[in-house]
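Visitor: Residues or ranges marked as ATP binding site by TrEMBL: Lys102, Ser206, Ala207, Phe208, Leu209, Glu280, Asp295. The domain 'FAM20 C-terminal' annotation in TrEMBL covers 170-386. The annotation active site is assigned in TrEMBL to Asp275. Among the features that TrEMBL reports, Mn(2+) binding site is placed at Asp295.
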Amino acid sequence: RRRRPHREGLNATALAAPQLRPDTSWLQFQLGISRDGLYPHGSPVVERLLRDMQVLSTVSADYSQDEKALLGACDCTQIVKPSGVHLKLVLRLQDFGKAMFKPMRQKRDEETPEDVFYFVDFQRHNAEIAAFHLDRILDFRRVPPTVGRLINVTKEILEVTKNEVLQSVFFISPASNVCFFAKCPYMCKTEYAVCGNPHLLEGSLSAFLPSLNLAPRLSIPNPWIRSYSFDGKEEWEVNPLYCNTVREIYPYSNSNRLLNIIDMAIFDFLIGNMDRHHYEMFTKFGDDGFLLHLDNARGFGRHSHDETSILAPLSQCCTIKRTTLSRLQLLAQPEYQLSDVMRESLLQDPLAPVLTEPHLLALDRRLQLVLKAVGKCIDTYGEGRVVANDTAQPEAPTPDKVKLNS
């Protein structure tokens with residue numbers, strides 16, 4: 001009842017809402033997607049988009065499609081069942097752009113305990129931010145632009161949402177902080193709530209990709225998917241020759257898909273992400289299109305442990321793109337050390353410092369392990385068989401822009 005006058009006021013002013021402008025940063029970002037990546041090298045549009053996601057006010061808030069599917073509100077496929085320990089919302093900004101909001105669930109100096117399985121780990125907002133910066137440094141450009149922001153959960157979520165289920169999960173804590181929790185079929189309790197201080201809450205905002213109607217995407221199981229049970233094992237975990245089987249399966253048999261999987265494995269190893277069960281790619285770009293590196297919030301959980309099993313695609317297949325190897329070798333040089341480049345890049349984010357120093361130093365240590373694995377492959381099979389020349393790109397048969405209808 002207290003919120004009703006505010007909602008009625010929003011409805012009364014809806015007719016006066018500004019019209020969509022074609023020069024908005026989110027639309028220019030989406031129009032700039034090509035077969036080479038989500039954005040060009042040094043794109044000024046990305047910087048504009050990051051700035052807009054930091055400062056533009058929100059006009060609506062809602063659950064993501066994952067949660068809606070489980071609540072029966074939409075017919076969605078390839079979703080991961082959410083529980084109370086992870087929560088994400090879709091925020092629409094005043095320029096009509098949309099961003100995925102993931103709130104702070106774990107403090108930066110906390111490490112994930114050793115006994116926690118990767119599939120029940122927290123989702124960390126700072127991991128999403130850091131993953132975007134690392135992806136850009138590696139020149140993959142496969143993570144959507146992501147930025148940190150302090151959100152007023154009362155004014156920017158509760159008072160602008162029209163979803164009554166979302167409204168119902170807000171409450172005031174004993175410390176007089178405004179809190180809310182995930183609405184899902186299981187493990188949804190106030191103990192798993194996130195709280196403002198009293199209203200402000202840290203979170204990450206990730207830019208939306210074009211809708212599936214305009215730019216269809218495939219969601220494909222990762223050949224090196226992990227077992228999501230407490231005692232199960234997948235074939236790749238027990239068979240060191242597993243890659244021979246993968247190489248015989250289309251499209252890994254005659255395209256760059258396998259090399260892109262290895263890029264993704266190297267990226268996941270550097271951030272410590274064990275939760276890459278699926279990958280997505282734009283259908284427009286065919287079998288050789290790049291893989292989207294989405295949902296990186298389970299990275300940067302443990303800086304004191306290097307999970308080398310994440311590198312199984314590299315160590316079992318013993319192949320890597322020449323451009324990827326060159327970039328990794330450059331970032332291993334003292335004057336371009338990965339931790340230093342990451343530290344400088346992350347200082348641009350409003351929530352800096354995004355990562356603690358042990359996490360930054362772990363990047364250097366893991367990079368050396370990647371190069372050591374490549375070196376072992378070269379010693380065994382020779383550089384000619386291991387390092388794939390990907391510098392000469394084939395001519396695209398069709399225009400390589402994601403075209404969006406007005």
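Start at 1 and count along the chain as shown; that gives each residue its number.
Heads up, the Cβ atoms here are built off N, Cα and C, so glycines get one too.
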Visitor: Averaged across the domain 'FAM20 C-terminal' (170-386), what pLDDT does the model get? Just tell me the whole number, please.
Guide: 92
Visitor: When you measure from the Cβ of Asp295 (ATP binding site), which residues in the chain that are at least 6 apart have a Cβ under 8 Å away?
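Guide: Counting only residues 6 or more apart in sequence, the Cβ neighbours of Asp295 (ATP binding site) under 8 Å are Asp275.
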Visitor: Measure the Cβ-based neighbour count of Glu280 (ATP binding site), defined as the other Cβ atoms within 10 Å of its Cβ.
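Guide: Glu280 (ATP binding site) is surrounded by 16 other Cβ atoms within 10 Å.
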Visitor: Just how many other Cβ atoms lie inside 10 Å of the Cβ on Ser206 (ATP binding site)?
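Guide: Taking every protein chain into account, the count is 26.
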Visitor: Output, ordered by sequence, the same-chain residues six or more apart from Leu209 (ATP binding site) with a CB under 8 Å from its CB, or 'none'.
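Guide: Listed in sequence order, they are Gln30, Ile33, Leu38, Pro144, Ala215, Arg217, Leu292.
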Visitor: Would you mind checking how many other C-beta atoms are within 10 angstroms of the C-beta on Lys102 (ATP binding site)?
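Guide: A count of 26.
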